[in-house]
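Record features (TrEMBL):
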type: TRANSMEM; residues: 20-39; note: transmembrane segment
type: DOMAIN; residues: 83-227; note: domain 'Flavodoxin-like'
type: BINDING; residues: 89-94, 141-144, 176-185, Asp211; note: FMN binding site
type: DOMAIN; residues: 282-524; note: domain 'FAD-binding FR-type'
type: BINDING; residues: Arg301, Thr538, Ser599, Arg600, Lys605, Lys606, Tyr607, Val608, Thr609, Asp642; note: NADP(+) binding site
type: BINDING; residues: Arg457, Tyr458, Tyr459, Ser460, Thr475, Ala476, Val477, Tyr481, Gly491, Val492, Ala493, Thr494, Trp680; note: FAD binding site
Amino acid sequence: MENSEGVKIESTVVTEEPLISALDIAPFIVIITVAYFWYFKRDKQSSSSEKKPYTIQPSSLSSIEQTSNSSFIKKLKSTGRSLVVFYGSQTGTAEEFAGRIAKEGARYKMKGMVADPEECDMADLVEMKEIQKSLAIFCIATYGEGDPTDNAMDFYEWLQNGDADLEGLNYAVFGLGNKTYEHYNEIAIYIDQRLEELGATRVHEIGLGDDDANIEDDFVSWKEKLWESVCSHYGIEETGEESNIRQYKLVDCSEVLPERIFSGEISRLKSYENQRFPFDVKNPYLSKIAVNRELHKSGDRSCMHIEFDIDGSKMRYDTGDHVAVYPKNSSELVDKIGELLNADLDAVFSLLNTDEESSKKHPFPCPCTYRTALTYYLDITSNPRTHIMKELIEYASDPKDQEKLKLMASSTPEGKKEFHEWILRDNRNIVHILEDLPSVKPDLDHLCELLPRLQCRYYSISSSPKVYPKSIHITAVLVNYTTSTNRVSKGVATNLLAQLIPTNDELPQPTIPIYIRRSQFRLPPKSQTPIIMIGPGTGLAPFRGFIQERDYARKEGREIGEMVLYFGCRKKDEDFIYENELQEYVANGTLTKLHLAFSRDQPEKKYVTHLLEQNADELWNIIGEKSGHLYVCGDARSMAKDVHSIIVKVVMEKGQMTNSQALNYVKKMEQQKRYSADVWS
């Protein structure tokens with residue numbers, strides 16, 4: 001959502017026309033004004049080049065801290081840089097990778113900078129050839145069903161619609177994707193090919209990172225070969241410098257007034273006390289939890305039905321959209337870090353970028369306390385990447401701990417194996433590393449610089465705005481399990497949500513920051529169009545909203561098409577969520593058919609895919625003969641792939657097509673938005 005601009009139109013009164021009209025005078029006024037502004041602006045810029053004393057001001061990742069100059073070329077030229085690394089990032093990983101590449105550029109005599117394409121005039125790429133030995137690198141994630149990330153959308157469209165001459169531009173691309181999704185690294189592949197079509201020179205082959213496997217390993221392997229290609233292309237040699245250069249410097253903010261200190265806000269200071277519409281990724285809405293109830297009837301697992309109150313927020317959502325929830329880390333883990341590092345978590349500090357030209361002045365909203373940073377801004381529960389292992393080496397006083405960190409930071413087969421087993425397989429986070437390598441005592445400010453940002457979590461909305469315009473519903477499984485090191489691993493968002501239980505009306509209700517993310521997962525425009533919904537487990541969530549919306553239309557007297565739902569869970573008497581609701585929709589005719597698979601209620605496991613294979617005639621009748629829509633929601637790794645294979649097989653057999661024809665038919669369904677998937681891995 002963006003702010004709209006109002007245009008004020010003033011009325012005029014017609015009088016007797018003077019000898020020299022306003023139209024004659026206007027051009028002269030404009031010329032004089034422009035000349036005056038140009039002269040004094042130039043003088044101001046000249047005088048401002050002198051170094052000014054630094055003062056700490058509350059700041060964040062919002063647009064107010066970004067430079068008004070969108071020309072990255074001017075920045076490169078004015079600071080003597082030749083390397084720019086652009087990132088297209090939805091969760092922060094691509095931005096992190098971009099920063100690591102830019103930092104390493106110094107080892108190859110290429111001073112680098114990181115740039116957000118959303119904040120740059122990407123048409124300036126045509127001028128890269130004016131900078132000697134210049135290089136543009138793109139770390140680009142593919143998001144959703146083959147879409148660009150939000151901050152790379154404009155750049156992607158510019159490449160699609162433009163025909164700029166990029167001859168002389170040297171480039172390389174690393175893509176971030178997930179092989180369980182059909183459109184694996186589609187955006188990065190397109191950008192790599194399109195840049196070449198426009199005349200640019202590929203310095204190194206594209207790298208494709210797979211987040212379903214080990215994207216860190218993919219990135220490190222590609223990066224090492226990238227620098228080999230760079231050295232060969234430009235005829236340069238590595239300086240051999242391995243020193244860890246800090247990107248941010250610590251600033252003591254103990255004298256800053258309390259009202260100027262961030263306390264968990266995402267962007268604007270005091271934004272939770274003074275809420276302003278519109279609400280988005282940088283300005284979430286602090287929503288009350290209206291309902292939080294258990295959906296499972298028994299068993300040792302938990303599935304929550306949660307309703308966020310949005311009454312009075314002006315927020316609007318459509319059926320099929322997602323809601324983003326901003327979590328916070330548990331106080332237990334935060335306190336543990338303070339204990340392990342013997343640090344004062346309530347000290348107020350700021351991290352200031354040592355690169356004065358960078359638009360990103362701070363890694364997170366500053367100034368704040370260490371406790372705030374570790375609670376709201378930093379990811380302390382995910383598996384740290386290899387570059388963090390490398391940075392921790394200098395803080396290890398025990399030679400054994402040093403060697404272990406060096407091994408895991410290396411790109412040798414032995415090092416990769418150790419990192420995979422000790423970090424990934426055993427699911428260690430930074431707290432576990434500090435516990436298990438007791439001699440490692442990093443400076444807390446450096447650790448805050450190294451750790452990635454804590455990201456919001458997305459959930460499919462399980463309600464219809466037609467029925468629930470003042471609330472947003474989600475369906476979330478509580479993540480809580482024991483790892484191989486006998487530690488309990490808890491989902492950051494779901495464990496926080498589990499604690500937010502509404503109380504009686506006399507007490508303040510629990511709140512959590514949220515915003516709405518638009519989706520392409522939509523019901524057909526016509527309510528008469530028949531649909532098939534396939535959603536085992538919490539994959540049922542968006543379909544609950546679909547059914548509510550069609551039920552609302554039916555009650556209004558409108559004709560609705562067939563609605564067929566395939567739902568599966570482990571046991572009918574344990575985790576059959578929303579059972580009563582679904583049975584009621586079947587009874588009133590909104591839900592035409594409800595196919596159920598309870599995998600563990602009989603000796604042989606039974607899944608929704610088995611039911612799909614048994615109902616080939618029904619499937620073809622709806623998607624083939626009636627041109628209906630098919631929707632899949634849930635696990636991308638196995639379920640969604642199996643469903644796709646079954647649909648292709650049904651089209652082959654019932655549509656009397658060859659395998660190639662069936663694949664093309666299903667592909668056309670996807671292009672026409674008749675086959676949609678909302679999946680995760």
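The count begins at 1 with the first shown residue.
Just so it is clear, glycine is given a Cβ too, placed from its N, Cα and C backbone atoms.
Cα to Cα, Gly144 (FMN binding site) and Lys605 (NADP(+) binding site) are separated by 31 Å. Restricting the binding-site residues Arg301, Tyr459, Val477, Gly491, Trp680 to those with a CA within 10 Å of the CA of Tyr181 (FMN binding site) leaves Trp680, listed by sequence position. Summary for the binding-site residues Tyr184, Tyr459, Tyr607, Trp680: the Cβ-based neighbour count within 10 Å is maximal at Tyr459. With a cut-off of 8 Å between CB atoms and residues at least 6 apart in sequence, the same chain places Ala324, Val325, Pro327, Val492, Ala493 near Arg457 (FAD binding site), listed in sequence order. Mapped onto DSSP classes, the domain 'Flavodoxin-like' (83-227) shows 65 helix, 35 strand, 45 coil. Residue with the densest Cβ environment among the binding-site residues Thr475, Thr609: Thr475, by other Cβ atoms within 10 Å. Mean model confidence of the domain 'Flavodoxin-like' (83-227) amounts to 94 (pLDDT, 0 to 100 scale). Among the binding-site residues Ala141, Asn178, Arg301, Lys605, Thr609, the residue whose Cα lies closest in space to that of Trp680 (FAD binding site) is Asn178. Whole-number maximum of the Cα to Cα distances across the FAD-binding residues Arg457, Tyr458, Tyr459, Ser460, Thr475, Ala476, Val477, Tyr481, Gly491, Val492, Ala493, Thr494, Trp680: 23 angstrom. Shown are the binding-site residues Gly92, Gly144; the one with the most C-beta atoms within 10 angstroms of its own C-beta is Gly144. For Gly491 (FAD binding site), the number of other Cβ atoms no farther than 10 Å from its own Cβ, over all displayed protein chains, is 18.
Sequence-distant neighbours of Ala141 (FMN binding site) (same chain, 6+ residues apart, CB-CB distance under 8 A): Gly88, Ser89, Gln90, Thr91, Thr93, Ala94, Thr149, Ala152, Gly175, Leu176, Gly177, Ile187, Ala188.
Lys605 (NADP(+) binding site) sits 22 Å from Val477 (FAD binding site), taking the Cα positions as reference.
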